[in-house]
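What follows is a set of notes on a single structure, which appears directly below.
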Amino acid sequence: MCGILAVLGCSDTSLSKRTRIIELSRRLRHRGPDWSGLHCFQDCYLAHQRLAIVDPTSGDQPLYNEDKTIVVTVNGEIYNHEQLREKLKSHKFRTGSDCEVIAHLYEEYGENFVEMLDGMFSFVLLDTRNNTFIAARDPIGITPLYMGWGLDGSIWFASEMKALSDDCERFTTFLPGHLYSSKRGELRRWYNPPWYSESIPPTPYDPLVLREAFEKAVIKRLMTDVPFGVLLSGGLDSSLVAAVASRHLTETKVAKQWGSQLHTFCIGLEGSPDLKAAREVADYLGTLHHEFHFTVQEGLDALEEVIYHIETYDVTTVRASTPMFLMSRKIKSLGVKMVLSGEGSDEIFGGYLYFHKAPSKEEFHRETCRKIKALHLYDCLRANKSTSAWGLEARVPFLDKNFIDIAMDIDPEWKMVRRDLGRIEKWVLRNAFDDEQNPYLPKHILYRQKEQFSDGVGYSWIGGLRAHAEEHVSDAMLSNAHNVYPENAPLTKEAYYYRTIFERFFPKNAARSTVPGGPSVACSTAKAVEWDKAWKKNLDPSGRAVLGVHVDAY
């Protein structure tokens, strides 16, 4: 994972402007501590902070075509770059970087080449032949990207808000699956899968097709030239990622360089549910397991730094980001630079416990579509920025483009929770890997109830956060919240506390507008709150707020 900053159409081309761009780019150095690059052309600046995962020795950015008339700065990974190079045999490549194909694809196919990319990415490409540029973001928004506008008419792009919040009059989140073209002067959606329309798919469930698609998604993400591992919470999703990775690791190039035993990582409070389950899965799979502990106080002490890095005040995201942030620091200290993670499964399969109350398959499917479309504001943001804070890259196989297409094309009747048929949440995924002859996981892990990460690290974590907020936010402060923060006003003392920290780092209206709001229970959307009247009295993002579903509901 890298950090990119691009400023285009800047009226100031002086040495002081170049110095300012370098200064702002340094704000992203945590994302890419391995190398810094800058390309200046007339009134355009493309800066890059590199985290070297593929081709560490020669893949420094910005990257170019043969005659350097096309310049690109990229954050992400292009998993099908070797296949794409086969289509570009007439082109001469300078590096072994997976991202170099972008410059050559643009030269060969024009702006529409983005649809050919299979990976996670955000990039800015400058065509110096006619002084035009494009910017694009991957289908789901796994990698972050922001777009801003300066008073001098310049357009800015950055991996994180902190690199443009001071110099842009206005800025916003760059939408996933979209492309901006300076020729057209507008943003357009290039990613248009069938599920995006939210129409109800009719395809029958085929467990083997689903299993094969997921295995392929994991295997392609083992593309690395540096040490890696898997974040293993002991829940279904991360356990499946670890199970598939451990099965196929010996077949990969990375095994020859770094060994064929998979490393797994877990964090939690002493005695947490995740630590116990993860240890059991690691023993079953034979991984080299690393278990990290943190205390509630250590988490509280890290809150300000966490909010600065993740750039949001969303309660669920802050709760879950903090242990992930602490774990990432430990992982990086071991020399690991890339991890696989289980984000995205709950959105695709309706894994959150509130889906138990979905009134129909139509509502179930539309809610999963809404959740996937919003991932860039929640779990993708958390996974990316919590890890990138320490120069660690997170890859998410459940958000593989082909896997999503297959999973979202299943008739949602199969995804519905049906206790009368023995189907719990994410049954279609559990059943796909329920192989009696060659088990992927122990049965009780395969069918373990959904536990949100902020709960699974230890139930006292959320209690500690609430108590801490209670000490810092008075009743009078909360009752006045709608006056102090009229936009997206915090509804609880915990939310108010996070908001005050966020506002210190990012005081502009544009910054607070990048954070979503609205009523929610257990990571639901405002629409899903309508499914059960009781939820309106217990609006908390914890999975334990789902009364009558979670075994430890409160």
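Just so it is clear, glycine is given a Cβ too, placed from its N, Cα and C backbone atoms.
Unlike curated records, TrEMBL annotations are generated automatically.
Owing to the predicted nature of the structure, the values given are computational and were not obtained by experimental measurement.
The active site, for GATase activity annotation in TrEMBL covers Cys2. For Cys2 (active site, for GATase activity), other Cβ atoms within 10 Å of its Cβ number 28.
Sequence annotations record features per position, and here TrEMBL assigns L-glutamine binding site to Asp98.
Under the heading ATP binding site, TrEMBL lists Leu231, Ile267, Ser341, Gly342. If you draw a 10 Å sphere around the CB of Leu231 (ATP binding site), it holds 27 other CB atoms from the protein chains shown.
Annotated domain 'Glutamine amidotransferase type-2' per TrEMBL: 2-185, in sequence order.
Sequence-distant neighbours of Glu343 (site 'Important for beta-aspartyl-AMP intermediate formation') (same chain, 6+ apart, CB under 8 A from its CB) are Asp237, Leu375, Asp379, Cys380, Arg382, Ala383, Ala394, Val396, Phe398, Leu399. Annotation comment: TrEMBL describes Glu343 as site 'Important for beta-aspartyl-AMP intermediate formation'.
Distance from the CA of Ile267 (ATP binding site) to the CA of Asp98 (L-glutamine binding site) is 32 Å.
Asp98 (L-glutamine binding site) is surrounded by 24 other CB atoms, counting those within 10 A of its CB over all protein chains shown. Ranked by Cβ neighbours within 10 A across all protein chains shown, the binding-site residues Ile267, Ser341, Gly342 are led by Ile267.
Separating the Cα atoms of Ile267 (ATP binding site) and Cys2 (active site, for GATase activity) is a whole-number distance of 25 Å.
Comparing Cys2 (active site, for GATase activity) with Ser341 (ATP binding site), their Cα atoms are 18 Å apart once rounded. Summarising model confidence by region, the domain 'Glutamine amidotransferase type-2' (2-185) averages a pLDDT of 96. If you compare every pair of Cα atoms in Leu231, Ile267, Ser341, Gly342, the residues listed for ATP, the longest distance is 15 angstrom.
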